[in-house]
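Taken verbatim from TrEMBL:
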- 9-187: domain '3-hydroxyacyl-CoA dehydrogenase NAD binding' (DOMAIN)
- G14, A15, G16, Q17, M18, G19, D37, E96, K101, S123, N147, K278: NAD(+) binding site (BINDING)
- H144: site 'Important for catalytic activity' (SITE)
- 191-286: domain '3-hydroxyacyl-CoA dehydrogenase C-terminal' (DOMAIN)
Amino acid sequence: MPKANKISTVAVIGAGQMGTGISEVVAKHGHAALVYDLDKSRIRASIEASAGYFRRQVETGKMPGEAAEEAISRIKGAFSLQDLASADLVVEAVSENEGIKRKVFTDVCTVLKPDAILATNTSSLSITRLAASTDRPNRFIGIHFMNPVPVMKLVELVRGIGTDQETFATAKDFAQSIGKTVTVSEDFPAFIVNRVLIPMINEAIYTLYEGVGNVEAIDTGMKLGANHPMGPLELADFIGLDTCLSIMQVLHEGLADSKYRPCPLLVKYVEAGWLGRKAQRGFYDYRYVPARPTR
Ligand code: CAA
């Protein structure tokens, strides 16, 4: 069983926004990061983005050049599943779709060392249910990072019903070794942070839908009135409106309480493909600088 200090190679599956940030903090703190994605061009783009991140760290005086180059050299692309065989820990960070995640686990388990730990960065799905689709429910755990990963100090650790104590201790030590503070959540829909945060965002969208205020009024209200670094609609665009909707659906179905019903305006934006920053349009239109509210 790998202990935290024995975790030297971390495979990150999914080279999107979260996967890229995870490999950056992993490499920054001395572990090797293997970046895997079905789409090979995303692997290259992720590694390039991480190199850009480390070079900006040097330019702004936050990291010595040598340390940055070493960190860059610790991030490698994994262009076939077989390349993940050396991983001590795998962090799955593919899109928030249970079918896709299950397929990833089925495939990766065929190449992993028997004692490797398998972790998911799911923001809302049941860890116990995901664990059951693997060959190692005892070595399966939720390690939930926040976006932007290099900046946010927290990770939530979530045990499934079968996660053993050693896996939990190893994951906790690993999270601390990459500079994160750990909070522990029970395995209930959306865990702690998203259970509180996403209904707040959904309520902000209802506030917009019902005409209580426009985008600017709602975001200014919460930024200056509640000292949030971003207004809730700006934050929704940052997280991705499809992700916000899917978390509300998990809460609504999982807790069977109408207070979690997704706002119809959120559904409409997602149906339009206005998914937030990544689609250039959501509650703001990012094709303009500065971004313009869409309502
Ligand atoms: N990667 C790395 N560093 C980043 C970054 C990124 N993507 N974005 C910003 N930063 C860094 C900047 O380099 C800067 O660093 P220094 O202070 O060392 O100079 C710092 O963050 C602040 O950035 P900026 O000055 O550009 O901008 P800002 O002050 O407006 O802060 C922010 C940006 C940190 C994103 C801030 O607006 C914020 O904290 N927003 C809220 C984020 C949040 O709530 N995240 C959680 C979302 S929920 C979630 O992730 C869970 C889920 O499952 C959905």
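Numbers here mean position along the shown chain, with the first residue as 1.
Positions of Cβ are set from backbone N, Cα and C atoms, glycine also.
Checked against H144 (site 'Important for catalytic activity'), the binding-site residues G14, G16, M18, D37, K101 differ in C-alpha distance, with M18 being the nearest. Taking a Cβ cut-off of under 6 Å from any atom of ligand 1, the binding-site residues G14, D37, K101, N147 reduce to N147. Mean per-residue pLDDT, taken over the domain '3-hydroxyacyl-CoA dehydrogenase C-terminal' (191-286), amounts to 98.
Around G16 (NAD(+) binding site), the same-chain residues at least 6 positions away in sequence with a Cβ under 8 Å from its Cβ are D37, R42, S46, A93, V94, S95. For K101 (NAD(+) binding site), the count of additional Cβ atoms within 10 Å of its Cβ stands at 22 [all protein chains shown].
Less than 8 angstroms from the CB of N147 (NAD(+) binding site) sit Q17, M18, G21, F238, I239, each of them six or more residues away in the same chain. For M18 (NAD(+) binding site), the Cβ neighbour count at a 10 Å cut-off comes to 24, with all displayed protein chains included. DSSP places the residues of the domain '3-hydroxyacyl-CoA dehydrogenase C-terminal' (191-286) in helix, strand and coil in these numbers: 67 helix, 4 strand, 25 coil.
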